[in-house]
Amino acid sequence: MPKRDDIKTILVVGSGPIIIGQAAEFDYAGTQACLALKEEGYRVILVNSNPATIMTDKEIADKVYIEPLTHDFIARIIRKEQPDALLPTLGGQTGLNMAIQLHDSGVLEANNVKLLGTELESIQQAEDREMFRTLMNDLNVPVPESDIVNTVEQAFEFKEQVGYPLIVRPAFTMGGTGGGICHNDAELKEVVSNGLHYSPATQCLIEKSIAGYKEIEYEVMRDKNDNAIVVCNMENIDPVGIHTGDSIVVAPSQTLSDVEYQMLRDVSLKVIRALGIEGGCNVQLALDPHSLNYYIIEVNPRVSRSSALASKATGYPIAKLAAKIAVGLTLDEMLNPITGTSYAAFEPTLDYVISKIPRFPFDKFEKGERELGTQMKATGEVMAIGRTYEESLLKAIRSLEYGVHHLGLSNGESYELDYIKERIGHQDDERLFFIGEAIRRGTSLEELHNMTKIDYFFLNKFQNIIDIEHELKNHQGDLEYLKYAKDYGFSDKVIAHRWDKEEKDIYQLRMSQNIKPVYKMVDTCAAEFESTTPYYYGTYEYENESIVTDKEKILVLGSGPIRIGQGVEFDYATVHAVWAIQNAGYEAIIVNNNPETVSTDFSISDKLYFEPLTEEDVMNIINLEQPKGVVVQFGGQTAINLADKLAQHGVKILGTSLEDLNRAEDRKEFEALLREIAVPQPQGKTATSPKEALENAREIGYPVVVRPSYVLGGRAMEIVDNDQELENYMTQAVKASPEHPVLVDRYLTGKEIEVDAISDGETVVIPGIMEHIERAGVHSGDSIAVYPPQTLTQDEINTLEDYTIKLAKGLNIKGLINIQFVIAHDGVYVLEVNPRSSRTVPFLSKITDIQMAQLAMRAIMGETLAEIGFKQGIQPYSEGVYVKAPVFSFNKLKNVDITLGPEMKSTGEVMGKDLTLEKALYKGLTGSGFEVKDHGTVLMTVSDKDKDEIVKIAHRLNEIGYKILATRGTAQKLKDHNIPVEVVGKIGGEDDLLTRIQNGEVQIVINTMTKGKEIERDGFQIRRTTVENGVPCLTSLDTASALTNVIESMTFTMRNV
């Protein structure tokens, strides 16, 4: 069947900012799809609000709009561009919901826009819980006993019929937003009211819990001729009850009999045929472990997290082929790009095992509720490939970067067995490691199976890992056992620990005895056809399939799993670096382990090694490939942390030298450099003990900022005001980084400025300066950044330029550097310097059209910036105003305080661009999910130090016509200035403010932190209540003031004559 010729222009909707439940997998899918459509000759228009993606690069589509993903903005683009068709199935839940809204409002019909891919009716049948249930009943496919409710009362009626436990699933949401498992009336009331709030259709499905069943997924493809195949089937190690995004997953499934496998396969294909899906689709099923009974849980009629995993697990490019199916091509006429000889209608087969483990943010949010359920909490994931299940699991564990390298906890031996069992009884992110500890203590697999419902197959594999540990301990120095342990994925570090040796001893022993891994190809067909892909994994076998060429090579380290503080921005830089390396004529090799990203698409680099980012795993690749050098500055802290270790093996680190990287990180050396080049910094000291920290703080004067050295994303960083707070911090934070001391700095309140620059050692190019809306003290990743700066004097800009050039030259930077400054009372001070690619590189690259990561890579390879055509200093400004606004995922993380401070908390970002600051801010806030209303009620409760400042904001909001509520102290201050205000009661009292928020009477909350136990708890409760009820809460007065500017620009002033 030829492709459709009745359409020329296609609008593709992206998925927007990275949030929990919707991460980098959609950048990968969207990029693939746009390129596939262009390949077929269509004109592609893309709209997405996330600047940190490869997808929003100009080369990916014919026209790129970085605009908020709301009905109104997309409608404007449709009216302006007049596309013939809209492809919504590659933009996650956001894309689907937009398609439904644009259809319902009549915009698509009025502009003659057709929907491509899966029909709208099918999307609604899969997403609307009522319609889906009806269809399943018609097909005789069992679904769990359930009911659709639109009110809390209806939920209680259903509970009377079936009893607890119950699972609540809101309609039209992703990542299980608002859903959960309920065991009692209180939980049912909370979860259902939450779920109705988050569901655009105010609809929840309530079903009898089948927790304990096996959860199986099939990733399927279908075209318009009804050809349908299974691309990959996957098994969740965790039984039903934990969201698949939070489950440990293995592919292919390990515990299904052939009868079970074929039965579930047939059902999956039957369902997507009945739904009429064209493209990729994910089917989730629950199988009773003791019979052939099964239920269908849900169907995602779109490309998803699971399809990104399935693509990387099999090498089969689902998103690319789904896009081509959407324009009418069929599976039997498209070649499989991996083999280049077989067709896309062949089902992939695997001769290896894949393990995926989610990456959770609890190392950042130690107080967050860790218990896992049907609402997703992971920010990202890692994948590993091995020849045995044990090997793939252990490789995945050491890819997580939790400081855990094995099936156990770093201080596991210190726990009591009772505590270990108690932790296993709760489903949380550490359960796997506690199971390892329990097996070490001799707990029977039967007991573990009864507690967890994890299949005996997996428990036996865990047991095998522990058995090998014992064998190692009993056979110290025995090469046979060393080889055996390597076959099952043990790292040198773990073997060294069992043999009471150093990791390097084991490495040297392996080298001397030639015990090295070989690299196998991922080819979709278990080596049945000749394959051309350069996609490899390491394993301890005999034949090496990775053929080393005689071309000069450069190895780029990726940034691993997505987590808070290290997002898709680093993947963006990695991909651009690879393109620059290829353009310069070198062979580009990537090492990375994140299945969601563009960098792990085999078509990006000349060779892709899907391996853990550890010293051992990277050295094994270097020993084989012998690259000219390794690039670490694009892979975030993950890659930087490996530089030292690789250099000790004699590996050449390209770009800024290791000495200079360390000079930027080492406090004393950095201070010496600043004195030498005369760049001021806030007064600061280094402390290695609580006593020393107190002496330092008293000498400098409070408030001080305290943080461990060598961390990313402001981990364990705090602003403290007195001795007591400092003592509390020191007893908890010193463990944050034992080999490295704690830094104590004077805390300067002032404007925070961020600068990214590129240097070749001679010329320093500054693409732009960004000014933060929030004053210093809020982490740069959580601040709203504005380009070009709006309130700086020319003198200040000249000073910033001068200091940036001095720092880049003083540190001998080759490549990228990111600097944060503060402008306080009497001048410009440097806060910190990062000699690497930063979070703002994609944002600035998009604005200025200077491909910063590529330019940096060219400088690293020896080109001079002057030859390329750049002059030193700040580059000419782009027209317009650009805003980078942070996006948070607090609604998915219970018990996490949303107050902004020096620890980073946002998971993603959006860009707003327009001709004025207010319009750009409006777009940034709207794109980040903040509904800006020109009237309503604002609730204010601020700390004493902020009371003077809140008066101005209250006055302006009152002028616009906002109604003001305030707690007693704040209200008194406003009354003193003749601002009309209504006093609300304290928590727990009459007419308390939480009830007001819960009843939907408040549109905005402004709440700043007051220290002190009781008040802090109240403040925390207020902030969490706003999150649970979807009310915007501002914890910084600078953000509140900026929002007030936006509202003022939307309204007319009303004053009597």
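Note that Cβ sites are derived from N, Cα and C of the backbone, with glycine treated the same way.
Within the same chain, the residues at least 6 positions away from Glu298 (Mg(2+) 1 binding site) whose Cβ sits under 8 Å from its Cβ are Ala126, Phe132, Arg169, Gln284, listed in sequence order. As annotated by Swiss-Prot, ATP 1 binding site applies to Arg129, Arg169, Gly175, Gly176, Lys208, Ile210, Glu215, Gly241, Ile242, His243, Gln284, Glu298.
DSSP gives Glu298 (Mg(2+) 1 binding site) a strand state. Residues annotated as Mg(2+) 1 binding site in Swiss-Prot: Gln284, Glu298.
Sequence annotations record features per position, and here Swiss-Prot assigns Mn(2+) 1 binding site to Gln284, Glu298 based on sequence analysis. Following the DSSP three-state reduction, the secondary structure of Gln284 (ATP 1 binding site) is strand.
The feature Mg(2+) 2 binding site is assigned by Swiss-Prot to Glu298, Asn300, with sequence analysis given as support. A 10 Å cutoff on Cβ-Cβ distances gives Asn300 (Mg(2+) 2 binding site) a total of 25 other Cβ atoms nearby, all chains included.
The Mn(2+) 2 binding site feature in Swiss-Prot is assigned to Glu298, Asn300.
The secondary structure of Arg707 (ATP 2 binding site), as reduced to three states from DSSP, is extended strand. Residues or ranges marked as ATP 2 binding site by Swiss-Prot on the basis of sequence analysis: Arg707, Arg746, Leu748, Glu752, Gly777, Val778, His779, Ser780, Gln820, Glu832.
Taken from Swiss-Prot, the feature Mg(2+) 3 binding site covers Gln820, Glu832. In the three-state DSSP scheme, Gln820 (ATP 2 binding site) is classed as strand.
Per Swiss-Prot, the feature Mn(2+) 3 binding site maps to Gln820, Glu832. When secondary structure is read from DSSP and collapsed to three states, Glu832 (Mg(2+) 3 binding site) falls in the strand class.
The Mg(2+) 4 binding site annotation in Swiss-Prot covers Glu832, Asn834 and is backed by sequence analysis. Counting every protein chain shown, the number of other Cβ atoms lying within 10 Å of the Cβ of Glu832 (Mg(2+) 3 binding site) is 17.
As annotated by Swiss-Prot, Mn(2+) 4 binding site applies to Glu832, Asn834, with the evidence given as sequence analysis.
The feature domain 'ATP-grasp 1' is assigned by Swiss-Prot to 133-327, with sequence analysis given as support.
Under DSSP, the residues of the domain 'MGS-like' (930-1057) split into helix, strand and coil as follows: 62 helix, 19 strand, 47 coil. Per Swiss-Prot, the feature domain 'MGS-like' maps to 930-1057; the stated evidence is sequence analysis.
According to Swiss-Prot, the region 'Carboxyphosphate synthetic domain' annotation covers 1-401.
What Swiss-Prot records for 547-929 is region 'Carbamoyl phosphate synthetic domain', and it gives sequence analysis as the kind of evidence.
Positions annotated as region 'Allosteric domain' by Swiss-Prot: 930-1057.
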What does DSSP assign Lys208 (ATP 1 binding site), in three states? strand
Hey, what's the Cβ neighbour count for Glu215 (ATP 1 binding site) at 10 Å? 24
In whole Å, how far is Arg129 (ATP 1 binding site) from Asn300 (Mg(2+) 2 binding site) when you measure between their Cα atoms? 12
So which of the binding-site residues is most packed in, judged by how many other Cβ atoms lie within 10 Å of its Cβ, out of Ile242, Leu748? Ile242
Long-range Cβ list for Arg129 (ATP 1 binding site), cut-off under 8 Å, min separation 6+ in sequence, same chain only, gives Ser146, Ile148, Arg169, Ala171, Gln203, Cys204, Leu205
To the nearest whole angstrom, state the Cα distance for the pair Glu832 (Mg(2+) 3 binding site) and Glu215 (ATP 1 binding site). 47
Within the domain 'ATP-grasp 1' (133-327), what mean pLDDT does the predicted structure show? 92
Long-range neighbours only, meaning 6 or more apart in sequence with Cβ under 8 Å: which ones does Asn834 (Mg(2+) 4 binding site) have? Ala664, Ile817, Asn818, Ile819
Which chain-mates of Gln820 (ATP 2 binding site) that are at least 6 residues away have a CB under 8 A from its CB, listed by sequence? Glu752, Ile753, Glu754, Val755, Ser780, Val830, Leu831, Glu832, Val833
Over all shown protein chains, what is the count of other CB atoms within 10 A of the CB belonging to Gln284 (ATP 1 binding site)? 20
Rounded to whole angstrom, what's the largest C-alpha distance between any two of Arg707, Arg746, Leu748, Glu752, Gly777, Val778, His779, Ser780, Gln820, Glu832, listed as binding ATP 2? 18
Quick check: of the binding-site residues listed here (Arg707, Leu748, Gly777, His779), which one has the Cα closest to that of Lys208 (ATP 1 binding site)? His779
